[in-house]
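**Q** Okay, these came from Swiss-Prot:
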{"type": "ACT_SITE", "residues": "Asp190", "note": "active site, proton acceptor"}
{"type": "BINDING", "residues": "Leu74, Gly75, Ala76, Gly77, Asn78, Gly79, Gly80, Val81, Val82, Lys97", "note": "ATP binding site"}
{"type": "DOMAIN", "residues": "68-361", "note": "domain 'Protein kinase'"}
{"type": "MOD_RES", "residues": "Ser218", "note": "phosphoserine"}
{"type": "MOD_RES", "residues": "Ser222", "note": "phosphoserine"}
{"type": "MOD_RES", "residues": "Thr286", "note": "phosphothreonine"}
{"type": "MOD_RES", "residues": "Thr292", "note": "phosphothreonine"}
{"type": "MOD_RES", "residues": "Ser298", "note": "phosphoserine"}
{"type": "REGION", "residues": "1-27", "note": "region 'Disordered'"}
{"type": "REGION", "residues": "270-307", "note": "region 'RAF1-binding'"}
Amino acid sequence: MPKKKPTPIQLNPAPDGSAVNGTSSAETNLEALQKKLEELELDEQQRKRLEAFLTQKQKVGELKDDDFEKISELGAGNGGVVFKVSHKPSGLVMARKLIHLEIKPAIRNQIIRELQVLHECNSPYIVGFYGAFYSDGEISICMEHMDGGSLDQVLKKAGRIPEQILGKVSIAVIKGLTYLREKHKIMHRDVKPSNILVNSRGEIKLCDFGVSGQLIDSMANSFVGTRSYMSPERLQGTHYSVQSDIWSMGLSLVEMAVGRYPIPPPDAKELELLFGCHVEGDAAETPPRPRTPGRPLSSYGMDSRPPMAIFELLDYIVNEPPPKLPSGVFSLEFQDFVNKCLIKNPAERADLKQLMVHAFIKRSDAEEVDFAGWLCSTIGLNQPSTPTHAASI
């Protein structure tokens, strides 16, 4: 279907000239923002949603600790705790991430300054940013609240995520990574199911990407638990690029498709338990080296073997064959897509442009999938009355 010429983005200046969290909301800023948004290939619905978010954001003004009321805890990890909060002056519901750091004021100020880049990150595939500030020993990052939570939470309820749904997830992740790279020259650095957020409108967005080098350095010691999604080249301490994010996406897709973290691979017996039938393929083979393998504590599978020690797991990622999807359960296109993401040599691994034209992505893009309906029935959410773009089954 040919794309309609997008109508210009309409952004109205805040009536009282209030600041967008400390930055001027002068009309020149709005014009620059309007121009950037028009460069993005958005459909009508995406354009309207982004427009609505940015118009709401103008009403927020400077963020202060006293202006928030805690509603509930959404999750913890990556060195911080995330709360669902109400921003009393605007009445908006937000997600507020609190990161406790024992750091000097100069470092703290640099982190807040670097986080301001997030104001420029406006894409349907990136979680919206309201602002960042420091208060009582904690850095607060205030974001759009995604009512479906993260895909690791969805996976716990679903058991496994269907291939058609993962097709839509793959498109959103590739488009989000492409946007970060092309428009902001940054890579994500931490792609995993808990950093892919979803909502009842059927939107899929990336969060927690490495925009602040100083924050990455300050939190270096808290990243041990997430190393299981890191690429072999990154674990070996060699140069890494956005190709590393592609490995992490591939690993995440295998985990969500199979229903458990895929290293070490499930054996034939476990695959039979997971899928309720005999499953062929490499994933069912015994790990190549004699060892006492097991799964990391974070997986959701039926593997009764003792969990792998973290050093053993990292050694496995670097030295053993990469995970694969079991054949006979998933389409050949999906299997090939994952294989191209999980090539150990980053120079041979598919890049974002190649993945965007892969047969699996082309097929997934053409498929009508009610992502919002599937999500809401899986996790018990009420679906909003406005149908999602892909929900016209």
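Using N, Cα and C of the backbone, Cβ positions are placed for all residues, glycine too.
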**Q** Cα-Cα, whole number of Å: Leu74 (ATP binding site) versus Asp190 (active site, proton acceptor)?
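**A** Here the two Cα atoms are 19 Å apart.
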**Q** Can you check which residues sit near Gly80 (ATP binding site), meaning Cβ under 8 Å from its Cβ, same chain, 6 or more apart in sequence, and list them in order?
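**A** Correct list: Lys97, Leu98, Ile99, His100.
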**Q** Name the one residue among Ala76, Val82, Asp190 whose Cα is closest in three-dimensional space to that of Ser218 (phosphoserine); these are the recorded positions.
**A** Asp190
**Q** Can you grab the distance from Asp190 (active site, proton acceptor) over to Val82 (ATP binding site)? Cα atoms, rounded to a whole Å.
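**A** Pair distance, Cα basis, whole Å: 17 Å.
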**Q** State the three-class DSSP label for Ala76 (ATP binding site), counting H, G and I as helix, E and B as strand, and everything else as coil.
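**A** It is in a strand.
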**Q** Are there any residues at least 6 positions away along the chain from Val82 (ATP binding site) with a Cβ closer than 8 Å to its Cβ? List them or say none.
**A** Glu73, Leu74, Gly75, Ala76, Ala95, Arg96, Lys97, Leu98
